[in-house]
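Chemist: Here it is, the structure in full.
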């Protein structure tokens with residue numbers, strides 16, 4: 001199917017909004033299912049899903065679950081360059097359809113079989129790389145000097161979906177039950193799939209891809225390890241990859257334990273956490289749309305990345321050393337400004353990649369972030385272990401606020 005109109009950033013933004021809106025609705029049902037499946041370890045299992053590995057679970061399935069969720073990050077790391085390379089050869093639309101379908105496939109299983117739900121979430125790590133294909137799609141339809149702004153709008157759309165959906169999901173859950181929330185999320189996911197199938201046009205020009213799916217493609221072109229070797233030969237892209245790894249590793253660990261920190265150390269209640277989520281989300285949208293455009297024009301791409309990394313370093317240190325509630329609010333403002341880093345880095349990578357390698361270039365960045373989603377929380381879990389921090393000290397609270405902040409951290413952290 002050809003889709004409607006010419007390919008545009010709006011198509012990409014709608015795909016991202018619907019996908020993550022569906023998952024954001026499930027914030028409350030997720031915790032409910034955890035509570036029903038692990039009644040004595042609800043919060044601990046929520047932490048495990050976020051990647052915290054230092055926990056004590058009186059269950060025979062402990063090792064299997066740890067492996068399951070760690071596997072997700074590894075699969076994303078390996079599959080993102082592969083899917084990106086294939087999209088460079090066969091087009092973006094088929095892989096947008098595939099990544100969204102398989103990423104959202106576990107949603108209805110939440111009420112059917114919790115164990116199958118958790119298992120499918122880990123396996124879906126292979127396909128939870130929608131952003132790499134989306135950013136390649138955006139690169140196909142925008143000029144180079146407008147690309148960072150387009151990436152900012154797509155990232156802001158993601159943030160907007162996760163600011164609104166947890167609250168809506170919590171309201172529906174409180175008034176109509178979790179089953180309705182899962183049903184609505186499933187319908188939204190199906191709507192996203194139908195939108196891609198019927199309305200999204202292919203963005204990769206036909207002259208840059210084989211004429212049919214019957215055309216042969218060499219394993220060398222699609223091999224993710226070959227893609228990584230190719231990166232090693234490009235010093236600029238290699239430095240960008242190292243930057244992404246070193247910046248996102250601590251951030252992924254931070255967001256896996258941040259709710260615990262606010263509740264247990266700072267003393268935030270549910271209302272304050274909800275307000276904090278809303279504030280950071282709204283300011284992130286402003287930062288990635290208004291400020292990113294201004295900074296890219298005035299400072300340039302590289303300096304904008306450096307500024308974003310500076311904001312990130314500042315907010316990490318502020319959260320770590322801050323001891324008062326007002327410090328957390330101020331650090332949240334800085335954290336929102338640091339959200340300009342991801343779209344700015346993606347634009348920088350796109351500028352250094354050939355037009356027929358946009359998918360693999362964005363896939364490598366997405367893969368590194370997926371790897372950090374597993375390693376970062378594991379690092380923080382080890383720190384918990386070293387300082388004898390037991391997560392059982394905090395009672396679980398089954399509402400949308402408890403996980404929404406963790407979900408808001410990044411595109412790959414959600415899944």
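Glycine residues also receive a Cβ, built from the backbone N, Cα and C atoms like all the rest.
Pasting the feature list from TrEMBL:
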- 8-415: domain 'Major facilitator superfamily (MFS) profile' (DOMAIN)
- 12-34: transmembrane segment (TRANSMEM)
- 69-87: transmembrane segment (TRANSMEM)
- 94-110: transmembrane segment (TRANSMEM)
- 116-138: transmembrane segment (TRANSMEM)
- 150-174: transmembrane segment (TRANSMEM)
- 180-200: transmembrane segment (TRANSMEM)
- 237-261: transmembrane segment (TRANSMEM)
- 273-296: transmembrane segment (TRANSMEM)
- 303-321: transmembrane segment (TRANSMEM)
- 327-349: transmembrane segment (TRANSMEM)
- 370-388: transmembrane segment (TRANSMEM)
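A description of the local structural setting of each listed feature is requested, covering burial, neighbours and distances.
Modeler: Sequence-distant neighbours of the transmembrane segment (273-296) (same chain, 6+ residues past either end, Cβ-Cβ under 8 Å): 148-149, 152-153, 155-156, 159-160, 162-163, 166-167, 259, 262-263, 303-304, 307, 328-329, 332-333, 335-337, 339-340, 343-344, 347, 400-402, 404-405, 408.
Long-range contacts of the transmembrane segment (303-321) within its own chain (CB-CB distance under 8 A, at least 6 residues past either end) are made by residues 148, 243, 247, 250-251, 254, 258, 261, 292, 295-296, 327-328, 330-332, 334-335, 337-341, 344-345, 348.
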Chemist: So what's near the transmembrane segment (327-349) in sequence-distant terms, Cβ-Cβ under 8 Å and 6+ beyond its ends?
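Modeler: Sequence-remote neighbours of the transmembrane segment (327-349) are 135, 147-148, 151-152, 154-155, 159, 237, 240, 243-244, 247, 262, 266, 268, 276, 279-280, 283-284, 286-288, 291-292, 295-296, 301-302, 304-305, 307-309, 311-312, 314-315, 318-319, 361-362, 364-365, 410-411.
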Chemist: Please indicate, using numbers and ranges, the residues of the same chain that are 6 or more beyond the transmembrane segment (94-110) and have a C-beta under 8 Å from a C-beta there.
Modeler: 15, 19, 22-23, 26, 29-30, 33, 83, 86-87, 116-117, 120-121, 124, 126-130, 133-134, 137, 182, 185-186, 189, 192-193, 196-197, 200, 213, 359, 415
